[in-house]
Ligand SMILES: Nc1ncnc2c1ncn2[C@@H]1O[C@H](COP(=O)(O)OP(=O)(O)OP(=O)(O)O)[C@@H](O)[C@H]1O
């Protein structure tokens, strides 16, 4: 049975009363915080009548103005630390959307990054930090922690003339992760060959995997060529995406039929590769390898030409003319789309049958476009269709002119996707705000180590720890922590209410004038303080810590 989902109500009028200008419209979204911190959104089970309190005044506090730590932010890389897979089961959608909510009402999930985006990013992060303990793969130059990305041990030498392996590796120079392609047993006979890769470093295009450098090595016990490129975590090749049959249990071991590829996806591929070819041909180069196993799918419908430039190095001695290679790129693009549309890696070998399928399953525009690409000598077209280039000349500019309307459609859907991501980013912005607040609070709360010896007499710094942690502002900050996180209900059961936590933290960040009663653990003392006082106390305690830290030269 579907139970009604808890809702959080947002009253913008009340909200505006006390939220500083810069937070306007964001406070309620800061619920995204909790999720980013691993908080289980399902525990926000209560219905909250109002996120904002009443009777608060506008404040002009810049929450980060006094924050010296932001100027020298430290980054930690936890290579050997605790690693565990994110619990994806926590991220299932909560079910059908409740209907009939008013404009100011939100379900808890509305405040969080969409499940699909979070899962995708987490899988990428997980893939990027994969390592093999005690790996036998040697480090290369500045690259260490090599991790083999090949999914099959069967090597196909037909493309490069050498077996190739792809490794993920971390550069000791800049700490970034790269993909290294190794061509086994490659012998460099002419130094100018490897310089051919230099020209590819200038190709910075969204649809080409960027090349950084090329060198030879004997670290593997042979002579290998290494091409260093950008690493795109958790990506797969178009061959893996479109031609790999996955045996499925429920078909009793038979293979499931590959699904029809939507025409919009095909146009997306055509437009992206055309944009890559524009950059490549415009730089006096040719892609040469437009083949499904050398095109990476880095996220949904986002593709990049991979392994460009390698043939320029390995076939340096017998280079064909540039115009011939560039014309071949267009032919290869036509074959690629034909094969993907037919779900068959060798569809171009039975051209008539494959084109018949295109005629049956796709629009005449796509067919016309493919015919233009596949025809070695396009003749003057009489068609008025924008996808039918009217020029005899067959080059990338003519092609781009012919598919201009499809480029506009793809650009528009990309802009929509970008708008959606910007909105998601705006919500997540609140995550960093509340995380910083929590970090400050935790720096201050119950510090054990500030002893008398560290206290400089006459300084404005904190007194000895036993006093510092338990007196003045620190004392009510400690009680505030209990108030936010350790509340119990009337029968002593813990309250784990996400909305309460976010409500309190947002008010603390805004320095609201609302007052709360803080009760000591022994229930002997009750302090009535405003969020404004708490905020001031937190800032001055944090400054104390900074001063002591600087005084000890840390
Ligand atoms: N730059 C990269 N970033 C991330 N992953 C990559 C990158 N380049 C390749 N890969 C991954 O490495 C794996 C092997 O790539 P490769 O190009 O060798 O494909 P392949 O299917 O093994 O082709 P072949 O049969 O020609 O060797 C693929 O799963 C691919 O997704």
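Glycine too: its Cβ is placed from the backbone N, Cα and C atoms.
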### Task
Out of 405-443, 444-482, 483-521, let me know the one TrEMBL marks coiled coil.
405-443
### Message
If the criterion is a C-beta within less than 6 angstroms of any ligand 1 atom, which of the binding-site residues 181, 231, 235, 237 pass it? List them in sequence order.
### Response
231, 235, 237
### Summary
Record-annotated ATP contacts 181, 230, 231, 232, 233, 234, 235, 236, 237, 293, 294; largest Cα to Cα distance in whole Å is 17
#### Entry: Residues near residue 235 (ATP binding site) in space but at least six apart in sequence (CB under 8 A)
296, 297, 298, 299
### Task
Taking the Cβ of residue 233 (ATP binding site) as the reference point, list residues of the same chain whose Cβ is under 8 angstroms away and which are at least six residues distant in sequence.
124, 125, 127, 128, 168, 177
